[in-house]
Amino acid sequence: MCGIVGAIRAHHNVVDFLTDGLKRLEYRGYDSSGIAVNTDGKIKRVRRVGRVQLMEDAAREKGISGGIGIGHTRWATHGGVTEPNAHPHISGGMIAVVHNGIIENFESERKRLEGLGYRFESQTDTEVIAHSINHEYAQNGGRLFEAVQEAVKRFHGAYAIAVIAQDKPDELVVARMGCPLLVALGDDETFIASDVSAVIAFTRRVAYLEDGDIALLASDGIKRLTDKNGLPAERKVKVSELSLASLELGLYSHFMQKEIHEQPRAIADTAEVFLDGGFIPENFGKDAKSVFESIRSVKILACGTSYYAALTAKYWLESIAKIPSDVEIASEYRYRSVIADSDQLVITISQSGETLDTMEALKYAKSLGHRHSLSICNVMESALPRESSLVLYTRAGAEIGVASTKAFTTQLVALFGLAVTLAKVRGLVSEEDEARYTEELRQLPGSVQHALNLEPQIAAWAQQFAKKTSALFLGRGIHYPIALEGALKLKEITYIHAEAYPAGELKHGPLALVDENMPVVVIAPNDSLLDKVKANMQEVGARGGELFVFADLDSNFNATEGVHVIRAPRHVGKLSPVVHTIPVQLLAYHTALARGTDVDKPRNLAKSVTVE
C-alpha cells in the first residue's frame with residue numbers, strides 16, 4: 001500500500017523519474033499522489049486526488065524541475081481522500097516528507113508538536129513526521145541525517161520515510177522500519193523506491209534497506225548508513241533480475257489477463273528446481289535437511305489468496321508427508337494466545353514478502369520459541385526471507401494486477417514440492433512415487449495451457465454472471481480452497497458478492513440462498529468425492545438454482561437445462577487444484593470485463609498490504 005519514489009540526479013530533471021516511477025507503483029493501490037522537488041532553493045510541491053496522470057499534468061503546467069525530489073502514491077489510512085492529506089507533507093517550507101506505514105502514537109506526537117507551536121494542515125500521521133524532523137533540524141543547526149535519527153526515535157509503528165530539505169539540494173535521507181524501501185544506483189544519480197519496478201527503467205543495481213536503517217544519499221550513492229543499533233553498516237548492491245518487459249502490457253489489454261496467460265511459463269520456472277535437482281531439502285536452504293528431520297508438525301501463516309494456497313497445502317502435507325499441519329490467517333494468529341512448539345515448522349506465504357500481518361505473525365511465533373521458519377514468496381530480498389531460516393522463491397515474475405493469479409499457482413507448485421520433499425525426508429516416498437510426482441509436475445504447464453484454451457467458453461458464461469448480484473462457489477476436499485479462491489477473485493474485481501463453501505455444508509445454511517437468481521459454481525473433477533459432489537448438485541437443482549460446473553473429461557457430466565458444464569483437462573494425481581484454478585480466474589476476469597470494472601485496480605484494494 002502506498003508507493004514511495006525519490007531521486008538525486010546530477011545531470012537530469014528528477015520529475016521524469018518521479019512520475020514514471022509512481023506510474024509503475026500504481027498497481028500497489030492508491031487514491032492520490034504528489035511530488036516535491038527542490039527548485040532553485042525552494043521546495044515546490046504538486047498533489048492531486050485521483051490518477052498519477054492528473055498530478056503529472058499539473059506538474060508539467062507549473063514547470064517544476066530540479067535535481068532532487070520525492071514522490072508518493074497514497075492509500076488513505078489516517079484522514080480522508082483529500083488533497084491536503086496527500087503526500088508530500090511540508091513543514092515550515094523547509095522539510096518535505098513522504099511516508100509509507102502507520103505511526104501508531106501520532107496523536108500524542110501531534111499534541112506535543114502543537115504545544116511547540118507547529119500548525120497542522122492535514123489529518124494524517126505523516127505530517128507529524130515532517131514537523132518532528134523540522135524541529136530536530138532547527139535544534140541541531142541543520143544536520144538532516146541527525147535530525148531524522150532523532151525524530152524516528154519517537155515513532156512507534158511501521159514506516160518507510162524519505163526526506164529532503166530546502167537548503168540541502170544535495171542530500172536525500174531515508175529511513176526504514178517494517179515497510180519496504182530500496183536504494184538504486186545509477187551513473188551520477190541515486191534513486192529510492194518502495195519496490196524495484198519503479199527504478200528498473202533507469203538502473204538494475206539495487207541495495208535493499210533493512211529494518212532500522214537510516215541512509216544519507218547523494219547523486220554518487222550512499223554516503224552514510226546506520227543500522228538499527230545506530231552503528232555504521234553497508235548493504236550489498238545486487239543486480240535485479242526483473243525485466244522491463246515484464247512490467248509492460250505487450251499485446252494484452254490488462255495485466256491480469258497477461259498474468260493469467262503467463263502461468264504455464266511461471267509454473268514451469270517454479271517447478272524447475274524440483275525437476276532439475278529433485279525433491280531435496282537443499283532446495284530450501286543449506287540447513288533444511290536437519291530442520292525437516294527434526295520437525296513434528298507444520299503451521300502455515302498467510303493472508304488473502306496466500307491463505308487459500310496454504311489451505312490447499314494442508315491436504316498435500318498430511319496426505320503425502322503424513323505430517324500434522326495447521327493453517328491460520330496471520331492477522332488472527334498474531335493477536336491470540338498460542339501454544340508454541342519448538343519442533344514445529346512455521347511457514348509464511350506472501351507474494352511480496354512484505355505483508356505486514358504475515359511478517360508480524362512470524363516475529364510473534366519466533367518470540368514464543370519457534371525455532372524453524374520457512375518463507376515462500378515471489379520477491380527476492382524482501383522482509384520475510386530475511387526473517388526466515390529457510391526460503392523458497394516462486395518464479396512468477398512481476399505481478400502487477402491487484403488480483404493475484406500466477407503468484408497463487410506458483411505458490412501451489414512450491415508447496416507441493418515441499419510436501420513431497422518432507423515425505424522423502426521422512427522415508428515415505430519410494431522411487432516409483434518420486435517418479436510419478438516428478439511427471440505430474442512436468443506435465444502441469446501443459447495441462448494449464450489446455451485450461452487456458454477454454455477461455456472462449458468461459459467468456460460466454462461471464463455474460464450471464466455480469467447480470468448477477470451474488471454467486472455461490474462449491475468444492476470438496478482439496479478443491480474447496482479453489483472454490484474459495486474463485487469466490488475471492490469474483491468479488492475482488494467484479495464487485496459481485498460471492499461466497500464459497502464445502503459442498504457438504506450446503507444443507508447447513510447456504511442452501512437457503514439458492515434460487516433461480518443465484519448462480520452456483522461447482523468445482524467437480526473426477527476424484528473420490530465426485531459422487532458426493534453430484535448429490536450436492538442435485539440439492540441445488542431441486543431448489544431452482546442454476547449450476548455452472550467446472551468438471552474434467554472423465555467426470556461424465558452433461559449439460560442440461562439449468563446445468564452448464566465446461567470440461568477442464570484431466571490432470572491425474574495431486575495437482576488437479578492448480579489446473580482448476582485457471583477457469584475460476586478466467587470467469588472473474590471476463591465477468592469484470594462485461595461489467596466494465598477496473599480489472600487491474602479494483603476499488604478499495606491494494607496489491608501490497610504493508611499496514612495492519
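Just so it is clear, glycine is given a Cβ too, placed from its N, Cα and C backbone atoms.
Feature list (source: Swiss-Prot):
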DOMAIN    2-220  domain 'Glutamine amidotransferase type-2'
ACT_SITE  C2  active site, nucleophile
DOMAIN    288-428  domain 'SIS 1'
DOMAIN    461-602  domain 'SIS 2'
ACT_SITE  K607  active site, for Fru-6P isomerization activity
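Across the range of the domain 'SIS 2' (461-602), the DSSP-based residue counts are 66 helix, 32 strand, 44 coil. Taking the active-site residues C2, K607 in turn and counting surrounding C-beta atoms within 10 angstroms, the largest count is reached at C2. Comparing C2 (active site, nucleophile) with the residue listed as 'active site, for Fru-6P isomerization activity', their Cα atoms are 9 Å apart once rounded.
Mean pLDDT, taken over the domain 'SIS 1' (288-428), works out to 95 on the 0 to 100 scale.
When DSSP labels each residue, the domain 'SIS 1' (288-428) comes out as 64 helix, 28 strand, 49 coil, counted as helix, strand and coil in that order.
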